[in-house]
Structures are given as C-alpha cells and as structure tokens.
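J.: Would you mind keeping the following structure in view while I ask a few things?
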Amino acid sequence: MIRVLVIDDQKILLEGLAAILSQCDDVEIVGTIPFSEMVESACSLTKPDVIFMDICMEGKNSGIELTKRLKEKNPGQKIIIMTGFQDISFLEMSRDAGADSFIYKESSAAAFIECMKRTVAGEQIYPDVQGNVTFGVCGVTLTERELDILRLICRNLSYQEIADELGISKRTVSFHISNMLSKTGHKSIVGLAVEAADKGYASAP
C-alpha cells in the first residue's frame, strides 16, 4: 500500500484530492492536514510514503520550508509540491528544496494519480511548460513596463535615474511603483525588490 498524506489549506482541494487518490486500491490516505504547523508531527505519527504538499499555506511555514526540513529528516520520503500559481520560480524553488515532483492544482484526477505512482517508482515529474513569474501573496503578474522599473530599482537607481533610463517622467515612475505595491500587497518597494532578487528576476532579460 502507498501511504499518502495530503497537505493543503483549501478544504475543497484537500478533501477532493484525498477522495480521488483513495479510489486507488493500492493507496491509503493516512491524513489530511490544513495547517503547516501540524505537518511535521503528523509525518512522524503517520509515516507516509508520499506527501502532497501545497506550496502556500496558512501558518508560519511554507511548503518549500517544510519540504527542506522533511527531506533532511527522511530523504527517501516522496514529496510532491502542488500550486495553483503558474510561476517559474516555484518550479526552481521546489527543485532546490528537494521535492521529488511538482504538479499544478488544475491538473486532472488522472494526472494526480499518474504523478503519484511515477514518483513512487522513482521518477521526478516536473511540468515541461514553465509559467510566468508572479509576485506577492496573491501571485499577481506585472506588466513589462513595471518589470523594467523593478529591474532598475534592483540596480539601486533613483526615481529620476529610472525616468531618464526609460524616457518617461518621474511622476510616471512613481505611478507605476504605487501600482506595483497595490497589486502585490508589499508595503514598500524594498520588499518587492527583495522578492524579485530572491526569484532571480531582478537582472535584465
């Protein structure tokens, strides 16, 4: 039997995925966890073979952080990262954390089952098509002009220097920055610039 633990803070997906996987004769759902703080103790108690891990959850720990810690404790445990955001940086972060596979939440039931079984068999399953880079907790995308401005901010250019570089007014630069903060939920442009740098998107294309 394949012992499966499902972790997601969205109740519909949590229960739905557990129901889909439990239809397989060789699968036992050993737990469904809605909060990140419960994950490590649940893994110790249930000893799952496979963990479906949401990348963004309520609580102190992200799916990436939990994957790193769980893999350090038990490298043989299979972890499949799930997300609803088609963000290329999530693929890279999942690989770096040691996740065995990666699947988008909008995938079909058959795709989830196939991903699980191939992962258990030792394969690493990652999407061929890479998504956009998104920012903020809601996973919003930025326009090309906003990205141009963000890259220049990461190079420590002032508003006036950015305006001169792009051939626009300083007031327009300020407008785009305010719009980016509103869209992403960041309280300061510094926080957004740090996120861009962390995702490797600060440099010019």
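Counting begins at 1 with the first residue displayed.
Quick reminder: no glycine exception, Cβ is built from N, Cα and C everywhere.
A quick note: this is a predicted structure, and the numbers were derived from the prediction, not measured.
So TrEMBL lists the following for this protein:
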DOMAIN    3-120  domain 'Response regulatory'
MOD_RES   Asp54  4-aspartylphosphate
DOMAIN    140-200  domain 'HTH luxR-type'
J.: Tell me which residues of the chain lie with their Cβ under 8 angstroms from that of the residue listed as '4-aspartylphosphate', as long as they are six or more apart in sequence?
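T.: Once residues fewer than 6 apart are set aside, the residue listed as '4-aspartylphosphate' is near Ile7, Asp8, Asp9, Gln10, Leu13, Gly63, Met82, Thr83.
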J.: Restricting attention to the domain 'Response regulatory' (3-120), give the mean pLDDT.
T.: 90
J.: Under DSSP, the domain 'Response regulatory' (3-120) has how many residues in helix, strand and coil?
T.: 56 helix, 28 strand, 34 coil
